[in-house]
């Protein structure tokens, strides 16, 4: 998603961006980078969010164009990949819809921009990066398509975090297949936490989870169990990184706002406990083809 200035010269021919405001005497590493939001980012409505992140970081926008790139331009853009087996498919995909081409300017913007984007493989990207927050797949395998159980606990509901948490799973590209708003009974909660029944905090945990309504959900997607756990952060919010749900929204382990299945086997058990089979809705998301190859 990031290219150096040479690429921006291809895209912005005859449309030279404004003169740099960088004072090279004091900002030796002030530079420009080329950023392109690909067709999937445009189709999924992520243009504003991505631009906002670069603006909030403090970089200056000096070139912007909404366009459908020609195959010739794309072949020139990706010329270093022309001998790779995926080259033809890459050009076809990039030509399949409009892109947003941009030039951003700032101190160390090339390196910092790469950090903001995350790893090429979204599975290796950390929460808080663009790919870590908004995409799932780099390859073509769907072998690890699975479901996970996520519950927003009473503190998350009371603090008005339901929409924010749902938004994060939606924007990541996972598919919501079940959701209900309920107040779980003590018996139900004891069954859910049966593996913790001998721990000293068990009665307090059940009491807390029974103290108010929860939002129970099932999300589906590639490696959703593992990725969901990464999105949640550590059980103890103090150990959770910024960009994760617990890292951003909670302080204490006893009020950590959200539960997520820790394995595929646990997810299957928890989903069957909280939902009847007919409550799981099967449909094809209109965004599916822009999330998975």
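We number each residue from 1, going along the chain as drawn.
Any Cβ shown, glycine's included, is placed from N, Cα and C.
Annotated features, as they stand in TrEMBL:
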DOMAIN    30-144  domain 'Nucleoside diphosphate kinase-like'
DOMAIN    145-282  domain 'Nucleoside diphosphate kinase-like'
BINDING   153, 201, 229, 235, 246, 256  ATP binding site
ACT_SITE  259  active site, pros-phosphohistidine intermediate
What is the number of other Cβ atoms found within 10 Å of the Cβ of residue 153 (ATP binding site)? 21
For the domain 'Nucleoside diphosphate kinase-like' (30-144), report the average pLDDT of the model, please. 91
Could you tell me the C-alpha distance between residue 229 (ATP binding site) and the residue listed as 'active site, pros-phosphohistidine intermediate' in angstrom, no decimals? 9
Under DSSP, the domain 'Nucleoside diphosphate kinase-like' (30-144) has how many residues in helix, strand and coil? 51 helix, 27 strand, 37 coil
Can you grab the distance from residue 201 (ATP binding site) over to residue 259 (active site, pros-phosphohistidine intermediate)? Cα atoms, rounded to a whole Å. 16
State which of the following recorded positions has the fewest other Cβ atoms within 10 Å around its Cβ: 229, 246, 259. 229
Farthest-apart CA atoms of 153, 201, 229, 235, 246, 256, residues recorded for ATP, distance in Å: 22
The domain 'Nucleoside diphosphate kinase-like' (145-282), counted residue by residue under DSSP: helix, strand, coil: 68 helix, 30 strand, 40 coil
List every residue in the same chain as residue 235 (ATP binding site), at least 6 positions away in sequence, whose Cβ is under 8 Å from its Cβ. 246, 253, 256
